[in-house]
Every structure is written in C-alpha cells, then in structure tokens.
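Worksheet: the structure to be examined is printed underneath.
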Amino acid sequence: MHLEAVNFGTYPSPESINLDRKRLIGWLVGLVSLVALVIFVSLVGWLLVDVWFGVERLDKEGTTKQSLEEPRGGSRLVPVFQMVTQEQVLAAPKINVRRFVEIITSPIFPEQESKEWVLQHQNFAIQACFAYFFVIFGIKYVVMRNRSPFDLTLPLNIWNALLALFSIMGTVMLFPEFIGTIQNNGFQASYCKVYGFTKGSNGFWGWLFIVSKLFELADTVFLVLRKKPLMFLHWYHHILTLIYAFYSYPHTPGFNRWGIFMNFFVHAFMYSYYFLCSMKMRIPRGVAMFITSLQILQFVLSVLILAHLGILIYVRKVDCDFDDSIFKLALFMDVTYLILFVNFFCKAYVFGGGKSKYKIEKKKQ
C-alpha cells in the first residue's frame, strides 16, 4: 500500500514575515499619505473657488466694509521689539505658575485670563529664545565637543510619544470647529473671522498650542546631546514660531485658526514618525519625504491664505479680525519657512538623490 504524503503547506520563514510586515506598513502609510494629500488638494481647490466667487458670505454675517483709517488693533511689532531691551532680557525670568495651573484646571476655559497670561509672559518668551540659542550652541560646541553622543533612547521615546499624542488630540479636538466654520460661514470667513475659535474647548486647545511652543524647545536639546546635525532651519523655526505664537495670541487674528490647526495636523504625522523611528522600527524612506512634502503644502496654503487676506483687507476693505503687524510677521514667517523647507527638500530628495545626511527636518508653529 502506497501512502502519498499530503502537503499541508509550509511554515513561512521569519524573513518572509518581516517582508510582509514591511509591505503592510508601506501600504498603510501610502493610504494615509494619499488621504492627507487629497485633503490638502481639496482645501486648496476650495480656497480658489471661494476666492473666485467673492466675499458675499462674509457680508451675510453682518460684517461691513471699513476704511483703512479705522483702527484694527494698531501696529504691534515696533513697540514689541522696543520692549526687548538689554535690561529686560537679562532680568530674572518670571512665570506665573499658579495662574497657569488655574487656567489648566478651570472647568470653563477662561478666555480673557488666558490672553492676559500669554501677554504677561511675552518677555519670558523672548528670554527663553535667547537662553535656547546660547544653550543649544553651548552644548553643541562646548559640552559635546569631545564627548560621545548620549544614549537617550528611553527619554526620546517618551518625548516623541507625548508630542505625537498631544498633536493627534489637538487635531481631533479642533477639527469640528475648523470644518464647521468653513461649512457654515465660507472659506474666506474661516481666516477672516475668529467666531468661537477662542472659546470653550477650542480656545483651551488653542492656548495649549501656544504654551507648547515653549516645551518644544527641548527637541533641539535632544538633537545636540545625541550629536545629530543642527540645521539653521531647525533652530530658526523654533525661535520665530515661539515669538509669533506669544505675540499673536492676545490679538486673536482670524487666520490663526488655520495656522494652529494645520500645525497640529502635520505634527500628528511628524511626531508619530519620530516615535516609530526612536523605537528602532524600520520605516519606508518615502514617509520622510511625504512628511516634508506635507510641511511644504502647509506653508503653500498659508501663504495663499495670507495673500488673499491681504487683498480682502487692503483692497476690498473687508472688516476682518486682524492686526496689521501680526499679519506682516505671519507673512514673513511663512514665506521664509516655505523657502527654507523647499530648499531642504531639494537638497535631501532631489539634488541629493534621496541620500541626504538629514533624515527629515522637524516643523513646529
């Protein structure tokens, strides 16, 4: 009697399992990337259509035309930077921790108190920028000059996980107000008017975003302690974003809705990517390129919005929640970011043939 062996199949090898996992991760990342790209392209298209058809939806909200001679908050930048004297920079830093805790723990978000807290700590933000500059370069060129890189795997894992979670939560919490404002009031109104953006849970997460720019300075400390490349784009971005955040928040320009939401959205991808990398997981290189592309798209959209807002304000004389100097600072900031990120992208992925020594540059607003 001849017994024929029955082939029930073979167990997959570890190599094939790893390959399948990589393919699955690649497909998932590709799908998420495609969805994010479609969202951004749709927003740009929506913007262009809304610009083409004018500002009638703004007028329905009861807004009126006004002349440029009427006050819109006045010029802020000149007095702001006149305040930054040597005496104030070298003064002992002051931070009202008790008031900070009260705002954090308040059952109802205190909008006015949060603005006052940020206003009172504008000088502290400037001091933090000066301290940040000297600390990171002191560590890089003095402390770490003849030292081996620190192994900060565990702290870095925790740090990236916290920032990824914070950014994801910020995106989720602000999304209903963001999309609701566009649907109910029109695309232009979403960056012309504040509406309820600074109230309730929206206001709370907007305020947390401002405060988070102080904590995000620690990103660079991790960088220099691990002896990673420190680009101009990295520290310039941290400093200018922190200054803009603290000086724009008390005046609540309508276009901050877009800046804060898009920054949360992009950071959700970026810090999740950093967390996976810090966990020693192999991520397809295309993910880094996608995140940099997402950052560039963010600034393209920001510059388009600010350009159209300038037309609304200075040409059509539309009454927007707007501050002249904050607007100019935002335009300068976003244009320089766009130039720097495009330059980085070209060096890393175009002229460098995708073999840049930099993995990806962090984007923070």
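Note that Cβ sites are derived from N, Cα and C of the backbone, with glycine treated the same way.
No curator has checked TrEMBL annotations; they are predicted automatically.
According to TrEMBL, the transmembrane segment annotation covers 24-49 (among others).
Annotated transmembrane segment per TrEMBL: 124-144 (among others), in sequence order. Away from its own ends, the transmembrane segment (124-144) comes close to residues 84, 88-89, 91, 93-95, 214, 217, 220-221, 223-225, 227, 230, 235, 238-239, 242-243, 245-247 of its chain (Cβ-Cβ under 8 Å, at least six residues beyond either end).
According to TrEMBL, the feature transmembrane segment maps to 156-175 (among others).
The transmembrane segment annotation in TrEMBL covers 204-225 (among others).
The transmembrane segment annotation in TrEMBL covers 232-249 (among others).
Using a Cβ-Cβ cut-off under 8 Å and counting only residues 6 or more beyond its ends in the same chain, the transmembrane segment (255-276) has close neighbours at 36, 157, 160-161, 163-164, 167-168, 170-171, 174-175, 177-178, 181, 190-192, 194, 197, 206, 209, 248-249, 283, 287-288, 290-291, 294-295, 298, 301-302, 305-306, 309, 322, 327, 330, 360, 362-365. Residues or ranges marked as transmembrane segment in TrEMBL: 255-276 (among others).
For 288-315 (among others), the entry in TrEMBL reads transmembrane segment.
As annotated by TrEMBL, transmembrane segment applies to 335-354 (among others).
If one looks beyond the transmembrane segment (156-175) by at least 6 residues along the same chain, the residues whose Cβ comes under 8 Å of a Cβ in the stretch are 201-202, 205-206, 208-209, 212, 216, 218, 222, 226, 260-261, 264-265, 267-268, 270-272, 274-275, 278-279. Residues 100, 103, 109, 114, 118, 125, 128, 132, 135-136, 139-140, 144, 149-150, 152, 155-156, 159, 163, 166, 169-170, 173-174, 197-198, 234-235, 238, 241-242, 245-246, 249, 256, 260, 263-264, 362, 364-365 of the same chain lie 6+ residues outside the transmembrane segment (204-225) yet bring a C-beta within less than 8 angstroms of a C-beta in it.
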